[in-house]
Amino acid sequence: MSLISTESSPSLSLIENGGGSERRTAELSRSNRRTVQNLSATSLMRKRSDLKLISRVRWEFMKRMLTNLQEVLLGTKLFLLFPAVPLAVVAHRYGYPRAWVFALSLLGLIPLAERISFLTEQIAFHTGPTVGGLMNATCGNATEMIIAILAVGQRKMRIVKLSLLGSILSNLLLVLGTSLFFGGLSNLRKHQSFDRRQGEMNCILLFLALLCHTLPMMLRFATEAAGGTATNATNVLVVHPTRSEDGSDVLVLSRASSFLMLFAYLAFLIFHLFSSRITPPPPPQREEEEDDVYDDNVSDKEEEEAVIGMWSAILWLITMTLLVALLSDYLVSTIQDAADSWGLSVAFIGIILLPIVGNAAEHAGAVIFAFRNKLDITLGIALGSATQIALFVVPVTVLVAWAMGIEMDLNFNLLETACLALSILVTSFTLQDGTSNYMKGLVLLLCYIVIAVCFFVCNSPSVAAETITTYHTLTERFVMFTNKSCNTLGA
């Protein structure tokens with residue numbers, strides 16, 4: 001999750017809230033001490049810890065350790081899902097059905113992903129808003145990145161592409177659609193508006209990512225149409241090779257595009273963390289709308305502070321990341337067995353189930369903020385996360401695969417790329433006027449349901465079938481090369 005675009009500096013806080021009034025000026029001193037992480041989705045998942053029993057402990061070291069355990073493990077409303085983590089390890093160790101391992105790993109990732117965001121926020125309290133914003137931008141979608149890199153290591157490229165694409169689609173259509181729908185129903189008598197410049201910036205970046213995804217696919221189609229095979233008079237297969245016969249041009253284009261996408265994301269961070277304070281604020285809102293903006297019970301009425309120390313947060317962050325890596329490894333290795341056991345396609349699990357469960361905490365936070373008519377924060381969660389995955393996680397995965405000597409390109413196939421393009425277009429049109437209502441959210445939700453049904457009925461190739469197809473492709477190329485050599489020697 002990335003909330004950089006909502007409140008990365010005091011001036012951005014003024015921009016979000018409409019700027020100009022004495023009340024807003026009075027809030028500036030308090031907003032100087034607040035970072036973007038104070039209004040994140042994880043603050044909604046937190047529950048207050050009762051430290052009365054711990055305060056009776058005499059030894060300071062033991063008291064500090066118990067406080068950290070209380071805040072990290074029991075300080076979330078999702079703590080009931082933590083037992084799924086050891087259960088997944090036990091199920092994998094003692095050979096339980098692999099579908100069970102997949103389901104338990106999926107459930108265990110929900111609280112772990114939320115705790116990683118929480119620990120990143122705790123570190124940000126100690127490092128300041130700028131460093132905290134950069135950490136949030138880097139670790140906001142750590143779960144998706146870990147799953148993708150582990151899948152790359154196992155050469156399951158289709159799972160990598162499906163999970164990343166599903167994360168983008170779920171943020172654009174499911175999270176944003178649910179937020180606008182329920183937010184509109186709960187605020188029927190209120191005017192719902194947001195700073196549309198935030199949506200415009202994210203949509204422009206998403207269109208850039210779409211271009212980088214579309215061109216490798218178009219290049220593959222163009223080179224395949226230009227090449228071909230034929231037989232001569234002696235019925236010997238003659239190859240008419242193209243310069244991109246082995247897909248090298250697509251790989252080169254994908255890797256170059258990945259560097260450009262990372263550069264664009266870096267510029268995006270610099271703009272919002274340093275340069276956006278020179279942007280003029282939007283026109284002031286009506287007075288009753290200003291009351292709605294400040295009428296929330298999350299963390300505006302009391303100032304949040306760090307509940308654990310910096311080094312403790314770093315150690316816990318490393319521990320949670322290792323657990324996420326372990327469960328992600330189980331997840332990737334058992335996804336095919338789960339698909340066969342449940343009668344679902346790998347595409348449906350990768351595009352629909354993984355993103356929904358993996359980011360459940362952030363998704364719930366976006367909906368709750370929409371209920372409270374804080375649409376700028378909702379857009380920061382949904383669009384910010386989609387932009388981060390498209391411009392940061394995807395290119396990093398391509399470059400990591402390159403470093404590992406594994407070929408991965410940005411060609412996500414025709415159906416997947418078409419769904420991505422249409423989703424970005426619908427989202428862009430939905431946000432272009434800076435207002436919201438439940439009908440817009442309903443349309444986004446219906447678009448997501450149509451895509452889910454499409455991949456549910458789509459008999460996409462499994463991982464094993466993909467491996468077999470790759471083997472047959474390499475065999476055909478070897479035969480074509482042999483016939484080409486024989487044809488040259490005969491001539």
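The backbone N, Cα and C atoms fix where each Cβ goes, glycine too.
The compositional bias 'Low complexity' annotation in TrEMBL covers 1-16. The annotation domain 'Sodium/calcium exchanger membrane region' is assigned in TrEMBL to 99-273, 313-456. Per TrEMBL, region 'Disordered' is recorded for 1-32. The transmembrane segment feature in TrEMBL is assigned to 72-91, 97-113, 164-184, 204-222, 252-274, 308-332, 344-371, 377-402, 414-432, 438-458.
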Tertiary contacts of the transmembrane segment (414-432), as residues 6+ beyond its ends and Cβ separation under 8 Å: 161-162, 165, 168-169, 172-173, 176, 180, 194, 196, 199-200, 203, 206-207, 210, 213-214, 217, 351, 379, 383, 440, 443-444, 447, 451, 454, 458
Which residues, given as numbers and ranges, are at least 6 beyond the ends of the transmembrane segment (308-332) yet have a Cβ under 8 Å from it? 64, 67-68, 71-72, 85, 88-89, 92, 101-102, 105-106, 108-109, 112-113, 115-116, 119-120, 122-123, 126-127, 139, 142-143, 146-147, 150-151, 154, 156, 159, 354
Checked against DSSP, the composition of the domain 'Sodium/calcium exchanger membrane region' (313-456) is 121 helix, 1 strand, 22 coil
